[in-house]
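Visitor: So that we are looking at the same thing, I have put the structure below in structure tokens.
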Amino acid sequence: MSLVLTLASRNLFHDRLRFVATMVGIVFSVVLVMVQMGLFLGFGRMVTTMIDHASADLWILPKGAKCFEDPSLIDVKLRDRVATMDGVSSAVPLVIGFSDWRLESGELTPVFIVGADLRDGSLQPFNVVDGNVQALTQGANVAVDRSYFDRLGISGVGSTAEIRGRKVRVVAVTDGIRSFATTPYVFVDLKNARNYTGTPRDRASSVLVRLKSDADREKALSEIRAQAGDAEVLTSDDFRSRSRSFWLFGTGAGAALFAGALLGVIVGTVIVAQTLYSSTKDHLNEFATLRAMGSSNGYIYTVIIYQALINAVIGFAIAAGIGSIVVQMTAKSALPIVVTPWLMAALFALTVVMCVASGIGAIIRVVRIDPATVFMR
Amino acid sequence: MNDYVVEANAVEKTLGRGAGEVHALRGIDLSLRPGELTLLMGPSGSGKTTLLLVLGCMLTPTSGSVTVCGTSISNADKEALAKIRREHVGFVFQSYHLFPTLTATQNVQLALDIRGEHGKRAAQKSREALAMVGLEQKMDSLPGGLSGGEQQRVAIARALVANPSVVLADEPTGALDGNNGQSIMRILADTAHGRERAVLVVTHDPRVIPYADRIIEIEDGLIVQERPGETDRPRMPKAVPFRA
């Protein structure tokens, strides 16, 4: 280990209480930022989960639709016009909307109906762990997520309940399809979706379009837009981006998460700056001695920067450990915290920047050292 | 070219401003030669520490000139002064100023580290410097585990390890008992005579006089007397004329 690193580490570990206080500050800060940003990512994924799992290249939507759950409707005849256009493989109407689920106990709970024609280019239940999705086309059958069994008063495939006074039977069970709004998604076929949501036969929430593999995408998009009239045509990426933007920023949820993360950064920076400054002040005599011996300012800055980096590495390692526990604990929750490798890398970079920036106060103090003071003591 | 490593000519130094202004040095002429141990003596407030700071490139003179190994310090900025100290000057402080969290070897090695000498070679040189001052058995000790005399010997090893041309010692025996003080002065005298370094010792301690080749007395910022020391070594010619 280089001597400057040795000196930096000994300076830090010499006062264990202060070192512990520094670690608490860094860990608190990093875990807070990790949780906030993990929630941001988790929320961002959750609000687009249906778009992500739909087999569609283009979405025909009511003009100005902000998200998948937008209740506006379009004329379903548009689907017939689009389906016959060059380059289009399939065009499938989708009907969504809120409805009432009556448990066997008689209690009512709101559900969110997702109904599509179960053909190619559609939105089918995914992550199926039990039952048969094709059975949705046969009668009043539904697919639900097992995380909502208690809420819906069911126990699995074969359970029954009522939606809008119509008896339904569970034929398929999924895992991990959770709604950020906590209203359970219920997958049904298109016809039943109209009944459960009260959507007229000539209307649909959207039309999911799949293009042929050899189609000129830009040309097809432009031609479909020309036919769309009052509707709007978005690529899946555009719709995903718009939906995420609406829920995260239109509602203020994302701003609140970012504000929490910013608070974490500020708290961490202040705590580390304070402890680094007081550590430097305690070692001023040593820094003055170094200066008297002829060390450059750069050498002394290196000692302080190394102290900051040691803080960052140890603090981040502890925070990452705590963060991984938090991630595991929330994995099955309504809003899981998602920590990606990129987020971890960004957090590490943020920790380093935070700790090094915290050293500026200490560096400013050291710059003013008069080496002659060592002769006065 | 002369053989002086430090030359001060007509050096004046004013400290403070306005009503608090103090003329700490009032026209000092002084030269330090390799192979000579010079004592700088004088009462408190006489200007000897200020002179040490000027000769040690920690202060620049208000007027007059100081050159260290041929480099003038008059217009040097802080970093340039630090570079001159790093390359040419070794310091020994009264309070040792060792780093309490580093071992004796690491303390000595710091003097090489700031000069860009790292690794095993630097560690080896540091151990050799400690052996030279008789601390073979204490190389891995922390300063807290060393006596005052041993700490001062570590400080001397630190001052010498990079082979500076001049060693400036501020009251090196001030905090030591008689035996340890003599031991430290013997090392400093050996440094001057055996290693051909210029050594300047600022002191109040009359017990160190027998180790001096030259004694300079200063009062009120002026050199009031310069005389040969009491060693039995052959005298070198006077560096500067007596200035009253």
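Keep in mind that glycine also has a Cβ here, set from the backbone N, Cα and C atoms.
For A:20-226, the entry in TrEMBL reads domain 'MacB-like periplasmic core'. The feature domain 'ABC3 transporter permease C-terminal' is assigned by TrEMBL to A:261-371. The transmembrane segment annotation in TrEMBL covers A:20-43, A:246-279, A:299-327, A:339-367.
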Visitor: Can you work out which residues elsewhere in the same chain, 6+ from the ends of the transmembrane segment (A:299-327), have a Cβ less than 8 Å from its Cβ atoms?
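Guide: Counting only partners 6 or more residues beyond its ends, the transmembrane segment (A:299-327) has Cβ contacts under 8 Å with 4-5, 7-9, 11-12, 22-23, 25-27, 29-31, 34-35, 38, 272, 276, 279-280, 287, 290-291, 336-339, 344, 347-348, 351-352, 354-356, 358-359, 362-363, 366.
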Visitor: For the domain 'ABC3 transporter permease C-terminal' (A:261-371), jot down how many residues DSSP puts in helix, in strand and in coil.
Guide: 93 helix, 0 strand, 18 coil
Visitor: Tell me, roughly as an integer, the mean pLDDT over the domain 'MacB-like periplasmic core' (A:20-226).
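Guide: It averages 90.
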